[in-house]
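Features reported for this protein in TrEMBL:
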ACT_SITE  A:GLU415  active site, proton donor
BINDING   A:HIS35, A:HIS266, A:ARG361, A:SER388, A:HIS465, A:ASP473, A:HIS477, A:ARG524  substrate binding site
BINDING   A:HIS75, A:GLY124, A:PRO125, A:LEU126, A:GLY163, A:ASN192, A:HIS266, A:PHE441  thiamine diphosphate binding site
BINDING   A:ASP162, A:ASN192, A:ILE194  Mg(2+) binding site
DOMAIN    A:358-529  domain 'Transketolase-like pyrimidine-binding'
SITE      A:HIS35  site 'Important for catalytic activity'
SITE      A:HIS266  site 'Important for catalytic activity'
2 protein chains.
Amino acid sequence: MDIATLRANHPEHWKLATAIRVLAMDAVQAANSGHPGMPMGMADVATVLFSKHLKFDAKAPRWADRDRFVLSAGHGSMLLYALLYLTGYEQATLDQIKSFRQWGSRMAGHPEYGHLEGVETTTGPLGQGISTAVGMAMAEKSMAARFGKKVVDHRIWVIAGDGCLMEGISQEAIGLAGKQQLDNLVVLWDDNNITIDGRVSVADITDQKARFAASGWTVLACDGHDPEDIERALSAAETAKGPVLVDCKTIIGFGAPHKADSHAAHGAPLGAEEIAATKEIYGWPYGPFEIPAEIKSAWEAIGSKGAADHAEWQVRFEALSGAKQAEFERQVTHGVSKKLATAIRAFKKAQSEAAPKVATRKASEMVLAAVNPVLPETMGGSADLTGSNLTLTPGLGDFSAENRKGRYIRYGIREHGMAAAMNGLYLHGGVRPYGGTFFCFTDYARGAMRLSALMGVPAVYVMTHDSIGLGEDGPTHQPVEHLAMCRATPNTWTFRPADVIETAEAWELALSSERTPSVLALSRQNLPTLRTKHTTQNLTAKGAYVLEEAAGKRQAILMATGSEVEIAMKARDILQSQAIGTRVVSVPCMELFAAQDEAYRRRVLPAGAVRVAVEAAVQQPWDRWLMGERGSEKKAGFVGMTGFGASAPANELYQHFGITPEAIAEKVKSLL
Amino acid sequence: MDIATLRANHPEHWKLATAIRVLAMDAVQAANSGHPGMPMGMADVATVLFSKHLKFDAKAPRWADRDRFVLSAGHGSMLLYALLYLTGYEQATLDQIKSFRQWGSRMAGHPEYGHLEGVETTTGPLGQGISTAVGMAMAEKSMAARFGKKVVDHRIWVIAGDGCLMEGISQEAIGLAGKQQLDNLVVLWDDNNITIDGRVSVADITDQKARFAASGWTVLACDGHDPEDIERALSAAETAKGPVLVDCKTIIGFGAPHKADSHAAHGAPLGAEEIAATKEIYGWPYGPFEIPAEIKSAWEAIGSKGAADHAEWQVRFEALSGAKQAEFERQVTHGVSKKLATAIRAFKKAQSEAAPKVATRKASEMVLAAVNPVLPETMGGSADLTGSNLTLTPGLGDFSAENRKGRYIRYGIREHGMAAAMNGLYLHGGVRPYGGTFFCFTDYARGAMRLSALMGVPAVYVMTHDSIGLGEDGPTHQPVEHLAMCRATPNTWTFRPADVIETAEAWELALSSERTPSVLALSRQNLPTLRTKHTTQNLTAKGAYVLEEAAGKRQAILMATGSEVEIAMKARDILQSQAIGTRVVSVPCMELFAAQDEAYRRRVLPAGAVRVAVEAAVQQPWDRWLMGERGSEKKAGFVGMTGFGASAPANELYQHFGITPEAIAEKVKSLL
């Protein structure tokens, strides 16, 4: 629909939508950077969505039963910010819009979760929003099954662009949502046929509608500038089978006389002249950032119309038993049940006595078997490696269209999609997600794992087969740099537990984390229980601690993690037998150790002794603990990997790469 | 087709295919690990492919015009190893098969490029093979356009499994191949409906045929156990339009009485009993690893039948001019033209005089403009960020179905697919690829970038917008941990040049690298030329060097990279003005510096002085250079990032995060 027809036939809609467009133009112009074209193109769709379909109450942005709106095409952030401002979200002020993209503004270049109420997830890296939304949709289904449709019954609406759909992660999301038949998920595709390099056809000829249909989606279409057609499509979407794609044909930079329908409208201010000409075409005589009171009021009415729904919901919610209400609140706000600590304590006591020799991936399964029954909010899964990751415990049941009470998600061979879905499961509320793959395939999931860290989503990544210890599968499957990668990433806890006890402690920390994701790097190979003396204290929470003190004068300190702690202990035996007093420090989490006060760090790593770190990975993260923290280069050594691994049985690899008790002892002696 | 019919109707085929199956069973059993089910399922398809379609000469595995065979489902490595042994590849001996998955064997758990002739690329991480094959197919088209169909006319055949197709990267490959209409690419889908967690339907209901068709592929199907039907499909594939998917319906573990058609056949030895029962069903009375001479001879005849094609090709090749032959050979074997050094030298001379103030991404474009015209083998591209990455230079032309002489690939919004395609472009021979995206989206491309390093493919990753210096787009787009990640990865050169001269030097090293990929981390923001005194020597090759010596007594050494070198230079001005003699060391490539001899490292970083490193990223990779290498903790400081960035103009971010000349000077003084 062209502008003249739109203005003539839908004057009220036109005013509402134009308010979005001009705010986007003005804010990008004022910031001198940003993306005006997408908000201008999708303003009509967004206006229909917010005014007629989206269930929300602008004054209660955290209302649990609200619809979620995810702007997967995050560069079009001004679309979202304009909507939040116009509908009356308290934090979304006009001053904030004026400070778009400036230091301290809640309105960052891309929507940042936690900066501004109404931003449901961080987007910007393309494809993340749509994939995160799949997790939100699963969380809604799970909560509805557990608490009832009367209090959980909402939709996830996504706006995604061509970029989102070209990213590989989108296929993982599409496949997962199709299999799960998530009929509470609607993706509005901003089909403007423009990418940064030009027309979409420069790089892609995919028939997106056929592609979505191939994975079990309902596919609809509309003229994205015709309010009636949009309304028809969105109504149809609400009753369609399975997840829904709505192909919204739009024009990027709609109305800009020289830049519409061109990548010139995508990622830069339109310029004062083009803005003036566009406003002329819009019939918008107002100054920058000026929204007539009448239009603002109309938008605010939209923002408050959900208040009635909200009030009705409140009545239904209060009809639940008090215990059920409390449990609902706890799960939605991610409160940590006291049952966790109790379960972990009992587990540790039993296992420190039983002292099993098990792989830490197996230990992880044992912990989960103790914890999952008492934490109804956990939802586990694996990227098609259930029997290897050992992430499934009895009684969870597969989550599926037939069993929404199931708590185990068969993610398929989709590491990236799994990680993004975990973000969505958590952000929705009501679910604490964990998911497994091989540690090496952190590589595939990185994009979404970084967003866990950036958003402060305490997802738990169960990363098994964490070193050359996986053996014969060879270097493509053997992480060597991945511990360094995770440790270099801000706000990420990288746990590498040494035995069943540390594994339990790591899980306790991971599941009670408030805003830090955890990576559990777990062994394929069996490891002895080293912590056979029970303590209720969570020693892993200290990040590093003295596992075994030196006998006699302390001449050396061995630091190690995971499967190498056992090797370090054997090296200590050798050294002690030669009267070289050797302390062994287990370092299950460097980040937590770094967060301890200096006095504690100094006690664990006193000056003077030779220090040798042992880890079947690259040295980079160890330099601080070897040469810093009162260490010195002349007394520091490392036993680990300097390159990629190889294909052979694990024991042979440890021999060939020289990660042995003997090599460690020799290294110590060479430094004494 | 069932076994009885197959044996009865196709006895010769049956024997050939069974030889593959039994070798796979026996080798996995002997190794006590591996994946027998896939080779058993795809043996019929592979037999038809190798005997009737694949153009190859087992005695000349590097013949430039051979068809490429890519086992994307790399876990089924024994399929490939059996084929290479049976057809008579010299390195693929029976002893090698017997040492499958053992230390030192050429036959690793997954096919490893460079270990064994006939392995065209490393596979194992799912989805990589199919995506790498797209690059190979583009290289074939490019070379054919440049050297003629008479000497370049072959196909890329891929075997991919359900796992490959579920990984997101496959969508990027499918989209790219469809757009490029690569009719020299045939993907044989091992449609066995089994993944590790069970039936494919546990996690996916995608109609793969419709999905491929949606991206412009020709889709065919066959009974993967019926040689005539396979033959019909492969013949049709050779004349079809665009890239081809052949849906090969197969049974995993074909013939195993208790494990066929089940994930039990996927990833573990069948066991002696099941193997015996299977051989009984096969009518195969021979012992482990025993292949009757008659069958081996028949396979060897297949392996040598391409020799005639090869000889004919040789005649056609020798009909080319001597210069053309030499150039062909050079490009196929990746020989480095002397014109590169000449062009770089001239460029450096001119630019050290002109001393432009340009972003290093712009500097990179200037280098490419000088280099691309003299190196016909370069093929550039970008993941839809051409105008930002500045990877396109005049005259390259878009590579497309209409213009196979084009040297610029519009990869679309597909970072992972781009990286894998670059691996394929190089591995095919004839092309030296580079490709761009934002440095932060290293996250998306990691899986394939790691394979560049593991395989020794010197692809060039042009990673622009390399820090908070990108400004307003905010933390989702601002790398802080990515330098650490790249530096932690073995066999990867991470360049972060400080000005136009270092950028040119980095490009020279990247384009002459024989087996190390390069990451060029380039600034968005303008940087002054610091190297205004011309030298023909490539100082970046040293990894780090003294950019500016201390005036007076040397009390401090500042180390910095990229955009922070300018800031360090200004800090030096402050310090020198306070009579604190300060050396500035530019560190464009830590890996190359680490490779220098100790004497050089000692000259650059002498003991005694205070050391402060400056980089708008996390500290982790710097500890070695601050506290190691004769440094000490008490005299070491770091000015950089400790967490994620923020959305604001770049200059403000540098102020707020304290990466300023003043902060550096203060840090030095606090340590003196």
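Placed from the backbone N, Cα and C atoms, the Cβ positions cover glycine too.
Recorded features from TrEMBL, shown on the structure.
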residue	record	Cβ contacts under 8 Å, 6 or more apart
A:HIS75	thiamine diphosphate binding site	A:GLY34, A:HIS35, A:MET38, A:GLY109, A:HIS110, A:GLY124, A:HIS266, A:GLY267
A:PRO125	thiamine diphosphate binding site	A:GLY74, A:GLY447, A:LEU451
A:LEU126	thiamine diphosphate binding site	A:SER72, A:ALA73, A:GLY74, A:GLY161, A:GLY163, A:CYS164, A:MET166, A:GLU167
A:ILE194	Mg(2+) binding site	A:GLY37, A:ASP162, A:VAL200, A:ILE252, A:ASP261, A:SER262, A:HIS263, A:ALA265, A:HIS266
A:ARG361	substrate binding site	A:SER388, A:ASN389, A:LEU390, A:VAL462, A:THR464, A:HIS465, A:LEU522, A:SER523, A:ARG524
A:GLU415	active site, proton donor	A:ALA383, A:THR437, A:PHE441, A:TYR444, A:ALA445
A:ASP473	substrate binding site	A:HIS465, A:SER647
A:HIS477	substrate binding site	A:PHE438, A:CYS440, A:HIS465, A:LEU470
Task: Residues that sit under 8 angstroms from A:ASN192 (thiamine diphosphate binding site) by C-beta distance, when 6+ apart in the chain - done: A:GLY37, A:MET38, A:GLY41, A:GLY161, A:ASP162, A:LYS249, A:THR250, A:ILE251, A:ILE252, A:ASP261
Task: Of all listed binding-site residues, namely A:HIS35, A:ASN192, A:ILE194, A:ARG361, A:HIS465, A:ARG524, those lying near chain B with CB under 8 A - done: none
Open item on the list: Let me check the 10 A CB neighbour count of A:HIS266 (substrate binding site). How many other CB atoms are there?
Closed with: 22
- [ ] Kindly assign A:HIS75 (thiamine diphosphate binding site) to one of the three DSSP-derived states: helix, strand or coil.
- [x] helix
Task: Integer mean pLDDT for the domain 'Transketolase-like pyrimidine-binding' (A:358-529) - done: 98
Task: Among A:HIS35, A:ARG524 [binding-site residues], residue with fewest other Cβ within 10 Å - done: A:ARG524
TODO: Show, in sequence order, which residues other than A:ASP162, A:ASN192, A:ILE194 on the same chain lie with their Cβ within 8 Å of the centre of the Cβ atoms of the Mg(2+) site.
DONE: A:GLY41, A:GLY161, A:ASP190, A:ASP191, A:ASN193, A:THR195, A:VAL200, A:THR250, A:ILE252
Open item on the list: Counting across all protein chains present, how many other Cβ atoms fall within 10 Å of the Cβ of A:PHE441 (thiamine diphosphate binding site)?
Closed with: 27
TODO: Return one of helix, strand or coil for A:ILE194 (Mg(2+) binding site), based on DSSP.
DONE: strand
TODO: Enter the number of other CB atoms within 10 angstroms of the CB of A:ASP162 (Mg(2+) binding site).
DONE: 25
Task: Number of other Cβ atoms within 10 Å of the Cβ of A:GLY124 (thiamine diphosphate binding site) across all protein chains - done: 26
